[in-house]
Amino acid sequence: MEPILTARGIVKRYGRVTALDQSDFDLYPGEILAVIGDNGAGKSSLIKAISGAVQPDEGEIRLEGKVVSFRSPLQAREAGIETVYQNLALSPALSIADNMFLGREIRKEGPMGSIFRMLDRPKMARIARDKLSELGLMTIQNINQAVETLSGGQRQGVAVARAAAFGSKMIILDEPTAALGVKESRKVLELILDVRNRGMPIVLISHNMPHVFEVADRIHIHRLGKRLCVINPKDYTMSDAVAFMTGAKVPPEAMAA
Amino acid sequence: MSSIQEFEKTLDQSDKSVAAFEDRSFLRRIQHFLHSTPAAIPAIVLIFSIIVFGVLKGERFFTASTLTLILQQIAVVGILGAAQTLVILTAGIDLSIGVIMVLSAVVMGNCAVTYGMPAPLAVAAGFVTGTLCGLLNGFLVSRMKLPPFIVTLGTWNIIMAVNYIYSANATIRRADIETAAPLLGFFGISLKLGSAVITLGVVMMVVTVIALWYALNHTAWGRHVYAVGDDPEAAELSGIRVNKVLLGVYGLAGAIAALAAWVSIGRNGSISPSWAVTDYNLQAITAAVIGGISLFGGRGSILGTLFGALIVGVVSMGLNMLGADPQWKVLLTGVLIISAVGVDQWIRKVAG
């Protein structure tokens, strides 16, 4: 099977610090790939390079075989890569519907839209409601309520639903359960599996080993700015993963690919 | 669906009830109402103040001529307040808006009277001046990443000085304007309906506010203005070009200041560079703040600004008719500002 996204020899330096040192990355269709690594291992630099938030100094990223180089998150988004950031990138005072369509609003048809630039609010509200119900998130009552009146889990749900609604190639989730309680984390994990089951490949960055081992199909372990190895969660224990990630143990085989 | 982990097994027995809305107190409900309807408080205060002065001053206050005179008095500040509202919604502030207006008026007057340019060109020159001043603010805020307060404090002084140096503080007389370019006095034209007198300037104020209300609430640009003021990083990550929005907002505020200049020529008849000593910028900020526009950005309705300007107008007219010391109006304005910000903070806690 051809990977949907590959990265080869990615280098990113910040002044004298090398955050990414010839790092590789592969994401296959329909999988959940977890990315784990100690603090400072370069996980977020890797993810930012893929999502267009930073531009790598060297290396090549291919999306479906074609070389891409994103100069901004917007360009990555236009190419079909949606990212849910840890801070969610939602505007608290705007409504759920406004947030789902922020930056890609739909205008009314006819002269009201083309001349007066009027937004088609009923249509946006309908699509937003459909997307949220598809993912079983319609416990949210009113699509026009401000995001700041939602709970943490509901906000995460809105952000994931937004990514799932607009991402056509892949979704990147950065620490989606970090700020959530037990019950809300469970909901979000189910949501992630649900999105994967619709055929959308997902990159999951997380520090939570139980969550990673529960949902991931493969685990990419990042260490010292490089991909150390990729493991199958069924073959290894959480303590093995932590040992690889911290350098306490060397992975048996350099399964570099 | 997903396999449940050991420590989560007890979740099935957990309490399934979620925060219910039924038992929330009356106060909580008011808070929620105000959170979703930011222009409600200024509207209530406005009605309340009209009633108070109506009761105190009875039939003299409730005449068409008094009420429409209030409108005429607030037209300029109302338009400036609308410009200020745009900037404050992006979590900025524009201290230079008053002097941008004065400089635009002086340019309009000089182009028409001193240089003998055709009136429409003179008006256009004023709009170009105002827009350029606004764009300068926008450039410094969005590209140079300087704080809006500092930027506009600087341009306030710079534009004020340019205004005096360029004009040599010479007043352009009403008679000269009327003969050279009657178009400049266009917004002073009034429509009389009985004893009600509505100037075109008042009409323009209402049109400006409605047009901006439409743009802010029913176009993508307006949603972006709110998003930028709410959380610029989130807006950027959502694909909004924050710099472009900021530049546009400051530029538009400058253009609206030039419109206010045109309206104020209509109201005053003459043009004087020494208008710059009037604290128009502070009056505009006052209208916006009393109108419930949050100084932290992203919250408030521009209709509130109109109500805010009207509140100041009603209070000052009412106290005037009661024969009170004008300082009472200043004092009451101060109280209103602090109350408005206090209420804003309380409404924000709705999320907490």
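Even glycines carry a Cβ here, placed using N, Cα and C.
Now, the feature entries from TrEMBL:
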- B:33-56: transmembrane segment (TRANSMEM)
- B:62-83: transmembrane segment (TRANSMEM)
- B:95-115: transmembrane segment (TRANSMEM)
- B:121-141: transmembrane segment (TRANSMEM)
- B:148-166: transmembrane segment (TRANSMEM)
- B:186-216: transmembrane segment (TRANSMEM)
- B:245-265: transmembrane segment (TRANSMEM)
- B:280-296: transmembrane segment (TRANSMEM)
- B:303-322: transmembrane segment (TRANSMEM)
Stretch among B:62-83, B:95-115, B:121-141, B:303-322 sharing the most Cβ pairs under 8 Å with the transmembrane segment (B:186-216): B:62-83
Selection from B:121-141, B:148-166, B:245-265, B:280-296, the stretch that has most Cβ pairs under 8 A to the transmembrane segment (B:303-322): B:280-296
Cβ contacts under 8 Å made by the transmembrane segment (B:280-296) with residues that lie 6+ beyond its boundaries: 38-39, 41-42, 45, 74, 76-78, 80-81, 83-85, 88-89, 91, 93-99, 101-102, 156, 229, 302-309, 311-312, 333, 336-337, 340-341, 343-344, 348
Non-local residues, at least 6 beyond the ends, that sit with Cβ under 8 Å of the transmembrane segment (B:121-141): 92, 94, 96, 100-101, 103-105, 107-109, 111-112, 147-148, 151-152, 155, 159, 181, 183-184, 246-259, 261-262
Closest-packing stretch to the transmembrane segment (B:245-265), where packing means Cβ pairs under 8 Å, from B:62-83, B:95-115, B:148-166: B:95-115
Contact set, same chain, for the transmembrane segment (B:148-166): CB under 8 Å, 6 or more residues outside the stretch: 87, 92-100, 102-103, 106, 110, 133, 136-137, 140-141, 273, 276, 281
